[in-house]
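Database features (Swiss-Prot):
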- 32, 35, 116, 159, 162, 165, 168: ATP binding site (BINDING)
- 32, 35, 116, 159, 162, 165, 168: CTP binding site (BINDING)
- 45, 47: Mg(2+) binding site (BINDING)
């Protein structure tokens, strides 16, 4: 198979391949970029594999960075772009089920492609656009299959994160998991506990917000992977609702909010759950706000102060979450009500703490409490947002 019209991300890198070829070495585009080219998906960057050793690449190109030279990777800076170029290699000994203990450089592309995770990622393309396919990756692309290269169990023992990558690719590409590969995940799911939470989280989020997440999540549950991640052990019955949803979350915050709701976590358990997954403080706050506002609109209509405290981003996220869960909510009415608020943040209020101090309010906690009272009064339409009305409100109430 030959590709004649390459997108710019490839044509810009062709001179790099040509220079390596002209120096007497083989060089190919490899991996996800070739897969995405064949699927007409957006390509972020390209990876290059070569028979040249790292020191030979450094002799060919003037500007290089030793990004992973021990494992055969050199970054080449060329025409304002950076390209990761990795020597053909084989790997052996995976005591931590993630990184190889030994890397051996080889001169054969086929040997290099053997170590890759799935057949659709074991494709290569030469400088003329010819596709090299030693493991029927093209056939699996046509069949929409995620299949491990060679024996699936071996691939997962080499890198247990590949089991999460399998369900992630299922979700992103809306492919099916090949039965033997699925069985190997079921047989080896315990190995996932050897992998850092951060890496598992990244794959889980990519799976959860992609268009095929319902089917992928079902496999995530059926194979036992869900038993090896923070907070999910023994919760299969709760999580089984996810594959039945009509829509997938499209943001990371809504994915976590959805998990919290399905798991029926009380509000005081949310911080611990989010930290178990090594989420940032900012993500933790964002998710807690969405869950709190979802609980609020599920019980009663929000007033102006509720909308003010939530903010537009949380309101929109919560509307999306309600749609995912099939809960009736008048989203446009909520947004319209928010847009009609007399103030939307602290800066919109014509006075601040300094104004209160100047008007005889003693410094201390009372200043903050009074500011909140004033905001509520403005939001509820009791007073106008001007200094005269606020001054009168203070004199009458304090």
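Each Cβ is built from the backbone N, Cα and C atoms, and glycine gets one as well.
Taking the binding-site residues 45, 47, 159 in turn, the residue surrounded by the fewest other Cβ atoms inside 10 Å of its Cβ turns out to be 45. Straight-line distance linking the Cα atoms of residue 32 (ATP binding site) and residue 45 (Mg(2+) binding site), rounded to a whole number, equals 9 Å. Between the CA atoms of residue 47 (Mg(2+) binding site) and residue 165 (ATP binding site) there is a gap of 18 Å, rounded to the nearest whole number.
The maximum pairwise C-alpha distance among 32, 35, 116, 159, 162, 165, 168, the residues recorded as binding CTP, is 21 Å. Classification of residue 45 (Mg(2+) binding site) by DSSP places it in coil, neither helical nor stranded. You'll find the Cα of residue 165 (ATP binding site) roughly 19 Å from the Cα of residue 45 (Mg(2+) binding site). Taking the Cα atom of each, residue 35 (ATP binding site) and residue 45 (Mg(2+) binding site) are about 12 angstrom apart.
Between the CA atoms of residue 116 (ATP binding site) and residue 45 (Mg(2+) binding site) there is a gap of 18 Å.
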